[in-house]
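Participant: Pasting the relevant annotations from Swiss-Prot:
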BINDING   ASP19, LEU20, ASN21, ARG34, HIS57, GLN58, GLY59, LYS60, ARG114, ARG154  substrate binding site
BINDING   GLU332, GLY358, GLY359, HIS360, SER361  ATP binding site
Amino acid sequence: MFRLRDFEYYNRTVFLRVDLNSPMSNGKIISDARFRAVLPTIKYLIESGAKVVVGTHQGKPYSEEYSTTEEHARILSELLNMHVEYVEDIFGKYARERIKAMKPGEVIVLENLRFSAEEVKNATIEECEKTFFVRKLSQVIDLVVNDAFAAAHRSQPSLVGFARIKPMIMGFLMEKEVDALTKAYESEEKPRVYVLGGAKVDDSLKVAENVLRKEKADLILTGGLVGQLFTLAKGFDLGRENIKFLEKKGILKYVDWAEKILDEFYPYVRTPVDFAIDFKGERVEIDLLSDEKRLFDEYPILDIGSRTVEKYREILLKARIIVANGPMGVFEREEFAVGTIGVFKAIGESPAFSVIGGGHSIASIYKYNITGISHISTGGGAMLTFFAGEKLPVLEALKISYEKFSNLLS
């Protein structure tokens, strides 16, 4: 795959696809983490004299976070300490004329790419090439830099459509993500421990099955709803209240799949030995083997218990590779953040090379000032897809582009 330093950029127009899709409240972006992650790439292109055309999506149609990219241009202006213009168009005449008029070192931000219907559905590279987005924009750009790792599991025009039309290059963030995840996945250093929590149960099951079957993991620690699912699959009763919740979330249908994984890899999948319930507004820890587990019938499980944290901590401190995705409980409530803080702090203290991803995981790391993680991934779904052993469309497109245009480097 092409890397950023492979090309000269002076006076060349670069379409820079990033993922600045950020949490919003009352129409305002409340986290600039994804902006900061792509700054090295943008600064390098500016310093190299490129004309930088930034493209990103924000939210999904009809969602509260679906908005224009005017705010994104403003935040980039502040972070870069220069004027970054918001262009209220994507590939129409106005956008194309504005791109043609750009000067070296200038940066503009196109309108939310998902305002174009072509950008909302996944399609093959061949289909993406035929879109108006790719056909029109390719007339006014020279190179494509893709730094949108968080969207790497999607196959949409702005992400893969230019691969055979223009040289498509990894940005610094994409490069860093691919290198870190590959290092964790391919490592022979043992023990290799995967920590799977949160609510993305089906994705986590795919990861567990893949890394155990391909002998990429030596142990899997579970928490969050993933931990509850595997606990059920082991035959424990989590009570009426919690079963009802799991059913409502559509998680009970995965019990058979979890049982199948346990049948094949039982010693390698660890589940919580205790849970914390919300007992009338207070944290109460219940051992799975105690009589108090009857309280599961009436009170919701919101975290793993302290004994589980201690057992997981011992394992993590001896690990050489750690991959983690998803919190251990409802960390937004301080009394139920014990599991997430304890496990993530142990990962930070471990000598292991560690990778943590997922929006909620990252939010908890920043909220509780957890340090010592080797690599914090910007991709949740993309990271899970990678460790599930599935192909990421954007990485495949980068490989195709390299094969097509590698003669440019000779």
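Yeah, the Cβs are placed from backbone N, Cα and C, and that goes for glycine too.
Show me how these features fit into the shown structure, please.
Facilitator: Using a 10 Å radius centred on the Cβ of GLY59 (substrate binding site) and all shown protein chains, the other Cβ atoms total 16.
A C-beta separation below 8 Å, combined with a sequence spacing of at least six in one chain, links GLY358 (ATP binding site) to GLY198, LYS200, ASN325, GLY326, SER377, GLY380, MET383, LEU384.
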Participant: Among GLU332, GLY359, HIS360, these being the binding-site residues, pick the one whose CA is nearest to that of GLY59 (substrate binding site).
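Facilitator: With Cα distances computed to GLY59 (substrate binding site), the winner among GLU332, GLY359, HIS360 is GLY359.
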Participant: Can you tell me how far the Cα of HIS57 (substrate binding site) sits from the Cα of GLY359 (ATP binding site), in Å?
Facilitator: 16
Participant: Given the binding-site residues ASP19, ASN21, ARG114, which one's Cα is the least distant from that of HIS360 (ATP binding site)?
Facilitator: ASN21
Participant: If the substrate binders are ASP19, LEU20, ASN21, ARG34, HIS57, GLN58, GLY59, LYS60, ARG114, ARG154 per the record, what's the largest distance between their Cα atoms, in Å?
Facilitator: 18
Participant: Non-local Cβ contacts of ASN21 (substrate binding site) (under 8 Å, 6 or more apart, same chain)?
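Facilitator: In sequence order, ARG34, THR56, HIS57, GLN58, GLY59, GLU65, ALA150, ALA151 meet the Cβ cut-off.
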Participant: Return the member of GLU332, GLY359, SER361 nearest to ASP19 (substrate binding site) in space, with distance defined Cα to Cα and candidates limited to these binding-site residues.
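Facilitator: The answer is GLY359.
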